[in-house]
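One structure is given below, encoded as structure tokens.
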Amino acid sequence: MERNAIKSIPVGGFRAMVLSLALAGFAPAGHAVDLSGWKLPQVPVPADNPQSAAKIALGHQLSFDPRLSKNDAMSCAGCHLPAAGGGGPTARAFGQGGELGRWAPTWDNSGYYTSQFWDGRAVSLEEQTGALPGHMGPITSPGEMGEDINNVVAKLNAIPAYRKQFNQVFGADATPENVAKAIAAFERTLVSGNAPFQRYVKGDKKALSPAAKRGFEVFRGKGLCITCHTPPLLTDNGFHNIGTPQVGPLKEDLGRYAVSKDEADKGKFKTPSLYNSASLAFFMHDGSFSTLRQVVEHYNRGGDPSVANQDPLIMPLKLSEQEQEDLIAFLQSLTDESLNRIQRPALP
């Protein structure tokens, strides 16, 4: 359906249409739900980068090692803090050049995404590291960790224990490709498989509180959350303009448009999975919200219609106070606490 045609539909009729589409294939709210489609699957693993315990351990170390940065003081985990849900501990990330324009999204469950970064400019975890030639990412981005990948490799190969580990895992010294593969292997282990909601869908009916169960009904019904946060990953892997206020050092952030150059993509950002969202310190691409309550209220009032190109799916929801509280309880049930307790490993 063309966007202009969508805009011509009366709000009430559009709401009914969206709700019917959202629930297509799912039991209506208040009825028994087939939960099999909500179970998190295995994370896809590329054929050229199979998982192994030694590779994951190496990637864990690299992800917490500040020597991968230009000033030897910044690590991947500094912006993807486990105790902050794997996301940024500040509203906008800080790098070699000071405050950046976007909040650092969580690395939890990133192995499920079909694209990486808020604008989707990388198509794999290996690419998003910034270690691969031709792909700018946190390690090599001048505003972030800011190191030349050849310097990173030289540093690692100058450390006997690291050099030994790379040879044990890859049969060769550290290379840009192997650095990327090791970090990606670790990131693919960050899955919210033991969240209360996941235990619930696997058969533990006591895993959810009554409020969380009611919130699940709101999530897949009146709240319309399911239109973009689709099961089982709770993301459609798409891009949407949800009317988020632009805050921080950037006067304007065009989002997906910077990659696609499609005018319709201005202000669109990737739909994140909602797993472990209750542990995050901030929300939205620019860290403009700091609580789940603020996020729910934003959607409940229909975003901000004054924002150019806001998705017509974002409309006033008219959720009651109780429904909002229940929805937050459901979102809290998506937290796997084990991911919040990941520690910095011993570094060579």
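Even glycines carry a Cβ here, placed using N, Cα and C.
What TrEMBL records for 1-32 is signal peptide.
Residues or ranges marked as domain 'Cytochrome c' in TrEMBL: 54-160 (among others).
Counting every protein chain shown, the number of other Cβ atoms lying within 10 Å of the Cβ of CYS79 (heme c 1 binding site) is 24. As annotated by TrEMBL, heme c 1 binding site applies to CYS76, CYS79, HIS80.
For the domain 'Cytochrome c' (210-335), the DSSP-based tally of helix, strand and coil residues reads 45 helix, 10 strand, 71 coil. If you look up TrEMBL, you'll see 210-335 (among others) marked as domain 'Cytochrome c'.
The feature heme c 2 binding site is assigned by TrEMBL to CYS225, CYS228, HIS229.
Shown are the binding-site residues CYS76, CYS225, CYS228; of these, the residue with the fewest other Cβ atoms within 10 Å is CYS228. Cα spacing between HIS229 (heme c 2 binding site) and CYS79 (heme c 1 binding site): 24 Å, rounded to the nearest whole number. Cβ-based crowding with a 10 Å cutoff singles out HIS80 as the top-ranked of the binding-site residues HIS80, HIS229.
Annotation note: HIS80 (heme c 1 binding site) sits in a coil segment as assigned by DSSP.
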